[in-house]
Amino acid sequence: MGLTDYCECRFSAGNGGNGIIAWRREAHYDKGGPGGGNGGNGGNVVLQADHNCDSLFFLKNKKHLFAESGGNGKPDLAHGKNGEDLVIKVPVGTTVRDLDTNQILMDFVHDQQSFILCYGGKGGKGNAAFKSPIMRAPNLYENGDKGQSLHVSLEIKYLANVGIVGFPNTGKSTLISKLSNAKPKIANYRFTTLVPVLGVVKHNDQSLVFADIPGLIENASEGSGLGHYFLRHIERCEILIHLISLDPVDHDDPCQAYEQIMRELSKYSQLLVKKKMLVVANKTDVDLDGTRFQKLAQYLENKGIPLFKISALKQELGDLVAQVFALHQKTLAQFGANKFHLPMEMEKHYVFEQASETDHDPLNIERDALGRWHVECKRLHYWFDKIPQTTLDNIRRLGNKIKEVGIEDQLKVAGAKKGDVIVFAGQEFVIND
C-alpha cells in the first residue's frame, strides 16, 4: 500500500427523522390525546486523529460518505432512534480544508484530537410536542432537518521539526541514516527516495524529528519531478537543512544549485523561504582541493549566510547536530511552543442549527416576463421543507411563518396586486387579498 497523503471527499451528516401524528389508545387514558413521537437526530460526521493511522489510503476512492439518519417518531410517545455517528480516523498531522470556501477547518496535531465536521439534522417534532392548554388535539408535525454536507480535502503534513531539502543525490538519505535510526533506501542515482522518510535525532537528552524529502529539480513547484508533491510535509518544520553536494557529478556549479532550490521553495510558498535555514555542503570527501567549497562559501558570505561542511558518508558531521538543536531552541523561544500548527484563517467549529442560520437571510423578489413574482428566501425554504402541507393545522402554521418573513408586505411594496401569481419552491400561489 503506497503513501496516500491527499484526498478529496464529500461528507454528509445524517438527516433528522420525521415526527408523526398519532393518538393514544390506552385503556387508562380515556380521553386519549396526541401520542406522536419526535424523530431521532441524525448522526454527526466526526474526524479523529489516531497515531496508529499513517495514510489516507482508505479514503482515496471514497467520493461520498454518509452518517446514519435518525429514525422517524413512533406512536405511544416513542422517540425515533438517533442516527449513529460516522467516525473517521485520520493520521496525526492531517489538515482539513473546505473546498468551497478554501478555508482550513481543522488541523490535527495531537493523538485522539477529534472534530465534528458535519452536524446531523435535528429530528422533527411529533404532534405530542405541540400539545398545549389551547391546542389539546394538534394535527401538527414536522419533518427532520437535513444534515450538514461538506466537500473537503484532507492533507497530511508530517509533524517534523527539521526538513532536509536539496537536489536529488545530494546525500539527504545518507545524512538522516547517520543521524538517526531511519533506514531509507540509499543508492548512487537520482530519486532513490520516493516518499518522505522520518527519523528521530537525539542530542543532550533532547530529540527532534528530521524529515528527508524526495529531491527537488528545476520547476519542481510547477509539477516537475517528485519533490514538489512532498513539499507540503516541510510546511510545519521550524528549521530547514539545505543540503548541497560538492561532487561535480551532481552539479556543475554549487552556487547555481543553491539558487535553484531557493527559487523552487519560494515559488511553492513564501513561508518556506522565511524559515530558519542551515546551508550545508556535503561530500567534502570528493572536493579534494576544496575549491568548490570555497567558491560556495564566498558566494554565501556575500549574502551574509554561513556555510557548514560535512561528509555524511564518512560521518564527518562536525557540530551540525549541535547547531540544529541550538537554532531550534532559539526558534521556540521566538515563536512559542505551538510549533506544529499551520497558519489558519480561523479555527472554525460549526454549530449547525438550520433555523438560526436562515433567520437573517434576505428576501429576494423578482418579476418575470409573464408578470409572475419569483421569491427566494432561505428561511422560507427551510420552513417549506420543515412543515409538510398535509394537514390544515400545518398549512395554517406555514402561513404564519410566511407572514413572519414579511413576504406579503414586501410584495405590496414591489407592486404586487390581488390575483398575481407568486412562484416559490417550485410551486405557484395566487394573491387573494
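The chain as shown is numbered from 1 upward.
In case you wondered, yes, glycine gets a Cβ from its N, Cα and C as well.
Feature annotations, reproduced from Swiss-Prot:
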BINDING   166-173, 191-195, 212-215, 282-285, 310-312  GTP binding site
BINDING   Ser173, Thr193  Mg(2+) binding site
DOMAIN    1-159  domain 'Obg'
DOMAIN    160-329  domain 'OBG-type G'
DOMAIN    355-433  domain 'OCT'
So how many other Cβ atoms are close to Pro214 (GTP binding site), meaning within 10 Å of its Cβ?
-> 25
The predicted model's mean pLDDT over the domain 'OBG-type G' (160-329) is 83
Quick one: give me the count of other CB atoms within 10 A of the CB of Ser173 (Mg(2+) binding site).
-> 24
Per DSSP, the domain 'OCT' (355-433) contains 35 helix, 16 strand, 28 coil
Per DSSP, to which secondary structure element type does Ser173 (Mg(2+) binding site) belong, with helix, strand and coil as the options?
-> helix
Taking the Cβ of Lys283 (GTP binding site) as the centre, how many other Cβ atoms fall within a 10 Å radius?
-> 26
A correct count of other C-beta atoms within 10 Å of the C-beta of Ile310 (GTP binding site) gives 22
Just how many other Cβ atoms lie inside 10 Å of the Cβ on Gly166 (GTP binding site)?
-> 27
How many neighbouring Cβ atoms, not counting its own, are there within 10 Å of the Cβ of Asn169 (GTP binding site)?
-> 22
Counting across all protein chains, other CB atoms within 10 angstroms of the CB of Lys172 (GTP binding site) number 30
How big is the gap, in Å, between the Cα of Gly166 (GTP binding site) and that of Ser173 (Mg(2+) binding site), rounded to a whole number?
-> 11
Measuring Cα to Cα, how many angstrom lie between Lys283 (GTP binding site) and Ser173 (Mg(2+) binding site)?
-> 13
